[in-house]
Amino acid sequence: MRAWIFFLLCLAGRALAAPQTEAAEEMVAEETVVEETGLPVGANPVQVEMGEFEEGAEETVEEVVAENPCQNHHCKHGKVCELDESNTPMCVCQDPTSCPAPIGEFEKVCSNDNKTFDSSCHFFATKCTLEGTKKGHKLHLDYIGPCKYIAPCLDSELTEFPLRMRDWLKNVLVTLYERDEGNNLLTEKQKLRVKKIHENEKRLEAGDHPVELLARDFEKNYNMYIFPVHWQFGQLDQHPIDGYLSHTELAPLRAPLIPMEHCTTRFFETCDLDNDKYIALEEWAGCFGIKEQDINKDLVI
């Protein structure tokens, strides 16, 4: 639990600086979007950016004419721009050896075949060379950090995961609300929802709480958790916004959580009740104990 609290304080605290630093951080760089100006209002600063996982996105070209045609020709992760014989820009696989040398362990990533790469650049460059192959199709970035032993998730542990996750989502929103003044961390509609949670005297403060207390608090203060669960769904449902979460859309939340919470993968797998590889809002909310009558698409704001 202490890891969750540390994760919350450090990353939610990053929200104060994040709106102006996104484009400079490789780990949060968008694959297909040109220069970013900051976190969208109401975005979750805790999850890594969706662009890190958009492996199938198309390259884009700006209409601005440049002396170097490659200057405004943007390639997805793992590819770089080169000019062909007719001076036309094209995206080709990047040589992994051309990736910047990693600064530290925090830049390393682990693939779903349990191989550690020096950075996301090295991973995507390698994946690009496998395009069109069965191995390349199955290869994905699993989580941030070097590969480590992930213990099996026991049934008893699986039941505890949503207790901590719900409490964490609530605390992330409250922290954003408290630090929102002048920072546009939340939209006005989101502020109105979170204000009620923040001002409720019965709210359980962030802390290293036993799961028994978290379970009792959810039962006593159930209404406080309805919006945070919907809010997080909306943060992930972005490409496209269709009311379903794909593996790629879940990745920005899964990747930083797996090293700390070994039940992360199994939890999200159990949420997919119909095994269609997508998690609908109803499945997501149900996984967190939200009653069917309280699941409301209008709360995904």
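Each residue, glycine too, has its Cβ placed from N, Cα and C.
Feature list (source: Swiss-Prot):
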- 1-17: signal peptide (SIGNAL)
- 69-91: domain 'Follistatin-like' (DOMAIN)
- C70-C81: disulfide bond (DISULFID)
- C75-C91: disulfide bond (DISULFID)
- 87-149: domain 'Kazal-like' (DOMAIN)
- C93-C128: disulfide bond (DISULFID)
- C99-C121: disulfide bond (DISULFID)
- C110-C147: disulfide bond (DISULFID)
- N114: N-linked glycosylation site (CARBOHYD)
- C153-C263: disulfide bond (DISULFID)
- C271-C287: disulfide bond (DISULFID)
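The disulfide-bonded residues recorded for this entry are C70, C75, C110, C121, C153, and the Cα of C153 lies nearest to that of C287 (disulfide bond).
Spatially, by CA atoms, the disulfide-bonded residues C81, C110, C121, C153 include one closest to C91 (disulfide bond), and that is C81.
When the CA atoms are compared, the recorded positions lying within 10 A of C75 (disulfide bond) are C81, out of the candidates C81, C99, N114, C128, C153, C271. If you take the Cα of C271 (disulfide bond) and the Cα of C110 (disulfide bond), they are about 23 angstrom apart, rounded to a whole number. Regional average pLDDT for the domain 'Follistatin-like' (69-91) in the model is 91. Between the CA atoms of C99 (disulfide bond) and C93 (disulfide bond) there is a gap of 12 Å. C81 (disulfide bond) and the residue listed as 'N-linked glycosylation site' are 30 Å apart (CA-CA, integer value).
Comparing the disulfide-bonded residues C70, C81, C91, C128 by how many other C-beta atoms lie within 10 angstroms of each C-beta, the top residue is C128. The secondary structure of C91 (disulfide bond), as reduced to three states from DSSP, is extended strand.
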